[in-house]
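Undergrad: Handing you a structure now.
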Amino acid sequence: MQQTLPNIKDFTKPELIRAITSLGEPAYRAAQLHQWLFSHRTRSFDDITIINLALRQKLSSIYSIRTATLDDCRQEYRDDHEIPTTKFLVRMHDDETVEAVLIPAENRITACISSQAGCSLHCSFCATGKTGFRRNLTSGEMTDQVFLLNDHLAEHYGQTITNIVFMGMGEPLLNMTHVLDAIETLSNHNYRYSLSQRKISISTAGIIPQIDLLARLPHKVKLAVSLHSAIQTNRESIMPAAREYPLPALKKSLAEYNRLSGQPVTLVYMLLRDINDSPEDAKALVKFAKSLFCKINLIDYNAIVNIKFKPVYTGKSELFLRSLLDSGLQVTVRKSHGASINAACGQLVTESRLHLPEEPH
C-alpha cells in the first residue's frame, strides 16, 4: 500500500517556512502558501497559481493537503435562541476524532474547540480524561474545527462565529506551540476569516510554567483557569494535576499574569453537589480571588454517564453565588448548555465507538 504523504497543513507557520526554504525557495513563498491553505482554503496544490508550476509539482510529490470533516452532530434548542447548541464529532485525516461545540448566547456565537485528542490530566468530573491521551492536534486541525463550524453556521443560519474558546478536549497549554500558531492564523486580519485575539480564550487547568510564558508573550488572548476548588486537598481530589501545581503557586502565577499582561483572568468554578458547594468552599474561593484581577464564572455541571458527580441544588447554588457577590467579587453565571446532547467534553467521542444517531433535520 502506498504510503500517505505528510499533510502540509500540519506544519506551524515557522515549520512551513523552513520546509519551503529547504527547497531553495524564498521565505515569502511560504507566506503565500500559508494564505492559500488557511485563507483561500485550497485543497489542491494545482489551484495555487500564485506559485510556479515546477514548485506546485514539487510540493505535490512530497506533501498532501488534507482537511478534517464533520462526522456527526447533535443539537439542543433553547426557547430564547434561534440557533441550537450544536455538538460536532470532527474526524481528522488519520481517523482520530475530537469534539467541537457551537454555543449561542446573547449577541455572540462561540466555537468551543479541542486542542488534543484525549487528555492526560484525568480530571475526575470530565469524560475526556476517561478516553486517555492519544495525541496533540496540529494548528491546522484546530483551525479546521473553526472553519468547519463557521461553514455550518453560515450555511444553516447565515451567521458567523464571534468568539473562540480553546476549552474542548485536551489541555491547551500542554500543546502551546500549535495552539498559539492556530491563534495567529485565526486572527490574521489579511485572511478571509479573522477574529480579534481579544475574542479568543484559552482555558487551562493551571499549568503554571506555560501561564508564566503566556504572560510574557505579545498575544492578547483571554485566559481562563479551571479552578473548581480553592481548597488544595479538595482540588487535588478532583483534579490530580493540582498536586503538581498547588494553589499558592497558581495564585502567584496569576497575579504575575495580571501584572505583565494587564489582562484579567477568568476563574471557572463548576459547582458539584456536596463536593465544592459548601459555605467553607465559598469562603476559600473569596480568599483566593480577592486580590486578583479576575472574574468568576460559575457553571452548572452536566451529568455524565458513569461519573459519580451530580449538579448542585438550585437553592444551594444561589447561596454560593450570594456569598461571592456579597464579598465584592465579579461573578457571571453560565447556564448549562447541551445537557440533552451530552455536550460535556469527551462524551460524543466515547459514544462514537458504539453508535451515533443521524444528524437531526
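Each residue, glycine too, has its Cβ placed from N, Cα and C.
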Undergrad: Based on Swiss-Prot, name the residue from SER201, SER203, SER253, SER278 that is recorded for the same S-adenosyl-L-methionine site as GLY170, GLU171, SER226, LEU227, HIS228, ASN302.
TA: SER203
Undergrad: Using a 10 Å cut-off on Cβ-Cβ distances across all protein chains shown, tell me which of the binding-site residues (SER203, SER226) has the largest neighbour count.
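TA: Answer returned by the neighbour count: SER226.
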Undergrad: Going by DSSP, is HIS228 (S-adenosyl-L-methionine binding site) part of a helix, a strand, or coil?
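TA: Note: HIS228 (S-adenosyl-L-methionine binding site) is coil by DSSP, not helix or strand.
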Undergrad: Cα of SER203 (S-adenosyl-L-methionine binding site) to Cα of CYS112 (disulfide bond): how many Å, rounded?
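TA: Here the two Cα atoms are 10 Å apart.
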Undergrad: Let me know how many other Cβ atoms fall within 10 Å of the Cβ of GLY170 (S-adenosyl-L-methionine binding site).
TA: 28
